[in-house]
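Chemist: Supplied in structure tokens, the structure appears directly below.
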Amino acid sequence: MTVVTTMPRDAAGTALLPERPRGPIMTDLIELLRLAGPVVLSRLGIMVMGLTDAIVVGHFSAQQLGYHAMAWAPSSVFVTATVGLLVGVQVMTARAMGAGNPHETGAVLRRGLVYAGWLGFGSMALLALFGPMFLQAMGLKDGLAEGATLPLIVFSLSLPVYAISVVLTFWLEGLSRPGPGAAMMWLANVVNLGANLLLVPGVLGPPALGAVGGAWATFIARTALALALAIFVIRMKEARELGVFDKPARDRPAEIEQRRIGYGAGASNFFEVSAFAGMNLICGWISAVAVAAYTVVLNVSAIIFMVPLGVASATAVMVGRAYGARDPAGMTRAGWIAFAVIGVIGVLFGLLLYPTKHWVALAYTTDPAALALILPALVLACLFFAPDAVQVVAAQALRARGEVWVPTITHLISYALVMGPLAWWLAIPKGMGLNGVLVSIIVTSFLAAGFLLMRFRMLDWRDRKAAQEAA
């Protein structure tokens with residue numbers, strides 16, 4: 001006997017229903033996380049490369065590590081400025097894709113490479129010519145200036161290829177393809193480690209080069225990164241469609257806009273990096289132990305900061321695409337989703353660091369005097385992770401939206417005019433020491449985040465009003 005069973009009509013209909021489509025908020029959230037993940041890995045790779053140099057050189061010789069650190073300090077200013085000045089490549093590429101004009105991205109890339117050439121070779125010349133004089137003028141002791149001069153010159157030689165690698169990485173990120181850049185950054189880290197192990201202690205034949213060997217390892221790794229990225233871009237199947245091989249017509253407004261975005265980002269980077277570096281001076285007025293403790297806090301914060309940097313780049317791409325597509329609602333949605341996500345991530349980092357602060361501090365030092373300063377400073381640092389993360393993401397979102405100078409002015413006010421004087425007042429006259437420096441960073445981070453979020457909201461209101469008037 002055959003038994004025929006039938007499914008109820010409602011159940012059958014339910015079983016055949018297609019998957020519910022995602023709403024725009026969930027779609028943007030998934031896209032943000034997809035873009036941010038590889039970018040975070042890429043930015044972490046930059047930090048690991050510098051950390052590798054320091055570890056290998058430090059194990060070889062503490063004296064050589066001092067030379068390496070002094071040579072790296074002035075070169076890092078040029079590196080940071082270069083990254084900021086070339087942000088326009090990422091933003092303009094995303095805008096072209098959002099406008100449905102992928103061929104224009106090739107013109108953005110070519111302009112970026114020319115600009116990178118000028119920046120790279122100009123920075124190399126300035127650093128090589130004036131860097132040694134700067135070291136001598138600082139009145140450094142124990143032969144630091146003399147020992148750091150040659151590594152500094154070698155570091156300067158890698159600035160042109162580094163600028164090229166930044167352009168290629170930003171261009172791929174603007175195309176919403178951050179994965180290759182992240183993968184190649186970590187391959188460059190492998191090259192850097194191998195070159196360090198070969199050149200610094202002088203194994204397998206070459207003489208031990210110490211700090212100079214670490215600088216040459218950085219040169220080799222940066223060159224390998226630039227070459228790998230260039231080969232990848234040239235061999236992309238879409239390269240011709242994207243205009244990579246086509247000489248673009250001269251477009252002065254686009255050239256100016258691309259550089260203008262970079263000017264604002266470069267100035268912001270300068271203000272922020274200089275302000276945080278300037279805290280070392282105030283800590284030096286407190287005590288040598290305060291300098292060491294602040295260095296630990298800054299190092300931990302810098303590692304955590306790579307996540308907001310990655311989310312900021314992803315946000316710039318998404319807001320830039322919406323800007324190119326003339327989609328104000330898309331810009332608003334992408335921005336506020338990113339602000340919420342990074343705010344939560346910042347809070348989570350603080351909640352994670354607070355109970356583990358002892359282990360983190362012990363990874364750096366076991367000195368009781370240093371630990372007495374590091375532990376409360378790490379507790380205070382937990383309070384600025386969220387606002388600091390929000391401000392960097394909001395600044396990038398505003399630049400992608402066409403607001404170039406508001407973030408720069410905000411960073412000038414917050415970091416140059418508020419943080420430094422407040423840190424000095426709290427640390428020295430008020431007697432709060434290192435904790436006063438950390439409190440000033442907390443206040444400044446909330447101030448910058450508040451300014452930038454308010455400006456983003458003002459643009460939301462402006463665009464909504466314009467849409468209502470047009471209707």
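Each residue, glycine too, has its Cβ placed from N, Cα and C.
Annotations per Swiss-Prot:
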TRANSMEM  38-58  transmembrane segment
TRANSMEM  69-89  transmembrane segment
TRANSMEM  114-134  transmembrane segment
TRANSMEM  152-172  transmembrane segment
TRANSMEM  197-217  transmembrane segment
TRANSMEM  266-286  transmembrane segment
TRANSMEM  289-309  transmembrane segment
TRANSMEM  334-354  transmembrane segment
TRANSMEM  370-390  transmembrane segment
TRANSMEM  409-429  transmembrane segment
TRANSMEM  434-454  transmembrane segment
Chemist: Do at least three CB pairs under 8 A connect the transmembrane segment (266-286) and the transmembrane segment (409-429), leaving out pairs fewer than 6 apart in sequence?
Modeler: yes
Chemist: Below 8 Å between Cβ atoms, which of the listed ranges 69-89, 197-217, 334-354 makes the most pairs with the transmembrane segment (266-286)?
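Modeler: Ranked by Cβ pairs under 8 Å, first place goes to 69-89.
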Chemist: Six or more residues beyond either end and a Cβ under 8 Å away: which residues meet both conditions relative to the transmembrane segment (197-217)?
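Modeler: Residues packing against the transmembrane segment (197-217) from afar: 53, 56-57, 60-61, 64-65, 67-68, 71, 147-148, 150-152, 154-155, 158.
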